[in-house]
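Asker: Mind looking over this structure? Questions follow.
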Amino acid sequence: MKSLLFTLAVFMLLAQLVSGSWYVKKCLNDVGICKKKCKPEELHVKNGWAMCGKQRDCCVPADKRANYPAFCVQTKTTRTSTVTATTATRATTATTTTLMMTTASMSSMTPTPVSPTG
C-alpha cells in the first residue's frame, strides 16, 4: 500500500513538472491561440498583443473564425490580368482589409437629434 501511494505521489509530481510545455495560451475567449507566427490558413487578430503579449500574435483557426468575424483581419486576394501581344501574364496582389471599426471612424459619427413628430 505504501508503494502504491509513493508511486501515485511521484506520478503527480512528474505530471506537474512536465505539463509546463503542454499549456498553450489562448486568446479571444479561448478561440485563438497565441503563437509567434500565424499559419497562412489562420487569421491574425488585430490588437492580439493585448491578450498574448508583445512578441506573440493571436491566431484564429479557419474553422473557428465565423464565430468572431469582427475581430479578425482577413487577407483578400485580388487578381488582375494584363495581356500583351505575345504573352498573357496574371499578377496577384494581396491587400489587407480590416473588419474592426477604429476609434477615429467612431469619433467622426455624431448623434443627430430626432423629433418624435417626424
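Every residue, even glycine, has its Cβ placed from backbone N, Cα and C.
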Asker: Can you look up which of Cys38, Cys58 is joined to Cys27 by a disulfide in Swiss-Prot?
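Answerer: According to Swiss-Prot, the disulfide partner of Cys27 among Cys38, Cys58 is Cys58.
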Asker: Can you look up which of Cys59, Cys72 is joined to Cys38 by a disulfide in Swiss-Prot?
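Answerer: Out of the candidates Cys59, Cys72, the one Swiss-Prot links to Cys38 is Cys59.
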Asker: Which number gives the other C-beta atoms within 10 angstroms of the C-beta of Cys52 (disulfide bond), all protein chains shown included?
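Answerer: A 10 Å sphere around the Cβ of Cys52 (disulfide bond) contains 22 other Cβ atoms.
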Asker: If you skip the near sequence neighbours and keep only those at least six away, which residues in the chain come within under 8 angstroms of Cys38 (disulfide bond), Cβ to Cβ?
Answerer: His44, Asp57, Cys59
Asker: Round to a whole number and give the Cα-to-Cα distance in Å for the pair Cys27 (disulfide bond) and Cys52 (disulfide bond).
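Answerer: On Cα coordinates alone, these residues lie 7 Å apart.
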Asker: Translate the DSSP assignment of Cys52 (disulfide bond) into the three-state scheme.
Answerer: helix
